[in-house]
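K.L.:
Next up is a structure, given as structure tokens.
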Amino acid sequence: MVKLIVAISGKRKSGKDFVAKRLAEKLRQVATVHLAGVSHSLKQEYAQIHDLNYDELLTDGPEKEQHRRDMIEWGEQKRKQDAGYFCRKAVSADPNCDICIITDCRRTTDMEFFKNYCKTLAVRIDADLEVRKSRGYIFFYGIDDAESECGLDDYKHDFVLQNNGDDAFLEKQMGEIFDICKTLLSN
């Protein structure tokens, strides 16, 4: 069974996937680690229903952006029926790993699910707006002001990581998260 969940949240283009992959590499020194996304199972089901390429929906490419609004609406309908539906699928993807890094928490119900499931470290990835724009961020009304992007803005995370392109500072912060995870695993 999963012993620790690292639940990552952040705005679009803040670098959630980038940080999650780097953190996973570091944590694999001491534990088995699985990367999962709440949105991965959503995208997989959505792709099957609409005969789309699932792998394309996992990228930041145009197909994902073209379907983003509809995927959000469809996902919201599923969550109204069962708030933990996609969270359960994400955690069950590799139930035997020590640490499951969830790359895309977006709602308080996501965090509540994971905190009730097992030990959870809630990590917020922050990046300045100008940095996010340099990574391709463009504000979209109805997306960037929706719960899927703003639901955890005021949530009290256990750790807030700044990802503004300073690699040395990023590495220092990931070292701190690594130490916290080691402690949580040993308790």
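Every residue gets a Cβ built from N, Cα and C, even glycine.
Whatever TrEMBL says is automated annotation, not expert-curated.
Copying in the features that TrEMBL gives for the protein in this structure:
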BINDING   Lys11, Arg12, Lys13, Ser14, Gly15, Lys16, Asp17, Arg135, Gln173  ATP binding site
BINDING   Asn163  substrate binding site
K.L.:
Between Gln173 (ATP binding site) and Asn163 (substrate binding site), how far is it from one CA atom to the other, in Å?
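P.N.:
Just about 10 Å between their Cα atoms.
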K.L.:
Pop the Cα-Cα gap between Asn163 (substrate binding site) and Lys11 (ATP binding site) into the table, whole Å please.
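P.N.:
About 11 Å separate the Cα atoms of these two residues.
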K.L.:
Mind telling me which of the binding-site residues Asn163, Gln173 has the densest Cβ neighbourhood, counting other Cβ atoms within 10 Å?
P.N.:
Asn163
K.L.:
So how far apart do the ATP binders Lys11, Arg12, Lys13, Ser14, Gly15, Lys16, Asp17, Arg135, Gln173 get, largest Cα to Cα in Å?
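P.N.:
For the residues that bind ATP, the greatest Cα distance is 21 Å.
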K.L.:
Could you tell me the C-alpha distance between Gly15 (ATP binding site) and the residue listed as 'substrate binding site' in angstrom, no decimals?
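P.N.:
It is 7 Å, counting Cα to Cα.
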K.L.:
Taking the Cβ of Lys11 (ATP binding site) as centre, how many other Cβ atoms lie within 10 Å?
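P.N.:
If we count other Cβ atoms within 10 Å of Lys11 (ATP binding site), we arrive at 19.
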K.L.:
Calculate the distance in Å between the alpha carbons (Cα) of Asp17 (ATP binding site) and Asn163 (substrate binding site), and round it to a whole number.
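P.N.:
About 12 Å separate the Cα atoms of these two residues.
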